[in-house]
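A.B. asks: Right, I'll just put the structure down here and ask away after.
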Ligand code: NAP
């Protein structure tokens, strides 16, 4: 383990369990969340709280960010009272939120201008892998930054893949989430087609999960479909965002537009804060 002091911004569904693992591994962690009450769980687990983002940057050597989207990440880094308003020189900033490659490159440039290092490490895996420390970390950045961050990333994930320069990790993340979207939509359409033809939902899920097409994600989401309950592990609005970013970044394959439309409409229909598997609920009408 390295002995870096870690600053962490963003304590949502993913940030909180990731911080818990860093604390359990013995790292000193200082946190900041826009809605301050959401810092409680991390503070109870041993984290300290920064007065603001500038203090988070000033007080720590490695600063990690896990927020919703591109606009939030930009605000956190370069907003009037953002991280880069603090003493950033010589620090390493790691964005683990899912954003576009262009946003990642902008954050990299903004950090360099302040004499700071930057690396992206968006994550593959949801809340359970975040709790278990078994995420897959998709690193984009220099080898130096990667080596400095590796002991920290090894606490958060079971595997780190150094994909290339800044931007490559973001692209890999959008690609894997396209595949996730295809899987969720495929699972929902398959079960609904079977149901419309008289096959019980639990039987169809067994057929899927016990066969070669069953996967980690089909097994993980089957209980939600059976209970028709979709508490957010990965909010549907975030996957709709990722599909939009992938389209904007050139994804133009035959299934990409209908898939994006499906998630976009589900979000517009009020399911944005439900789990991604609520695509089933949207299609079941
Ligand atoms: P979440 O539960 O919705 O939490 C979002 C976090 O972003 C909260 O801490 C929120 O602060 C903060 N935030 C949003 N807008 C902000 C702003 N303008 N300024 C400051 N803070 C802001 O999201 P999550 O599920 O943890 O996901 C975080 C990121 O990880 C997203 O990019 C998502 O795509 C990605 N991701 C999620 C999963 C998953 O399964 N959940 C898996 C892999 C990757 P408040 O508390 O103040 O709202």
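Glycine is no exception: its Cβ is also placed from the backbone N, Cα and C atoms.
What TrEMBL says about a protein is an automatic prediction, not a curated fact.
Fair warning: this is a prediction, and the values are worked out from it, not measured in the lab.
Straight from TrEMBL, here's the annotation block:
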DOMAIN    5-164  domain '6-phosphogluconate dehydrogenase NADP-binding'
DOMAIN    167-283  domain '3-hydroxyisobutyrate dehydrogenase-like NAD-binding'
ACT_SITE  173  active site
A.B. asks: For a three-state summary based on DSSP, what are the helix, strand and coil counts in the domain '3-hydroxyisobutyrate dehydrogenase-like NAD-binding' (167-283)?
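C.D. replies: Residue counts for the domain '3-hydroxyisobutyrate dehydrogenase-like NAD-binding' (167-283) by secondary structure: 88 helix, 2 strand, 27 coil.
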A.B. asks: Taking 10 A as the limit, how many CB atoms besides its own sit near the CB of residue 173 (active site)?
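C.D. replies: Excluding its own Cβ, the number within 10 Å is 29.
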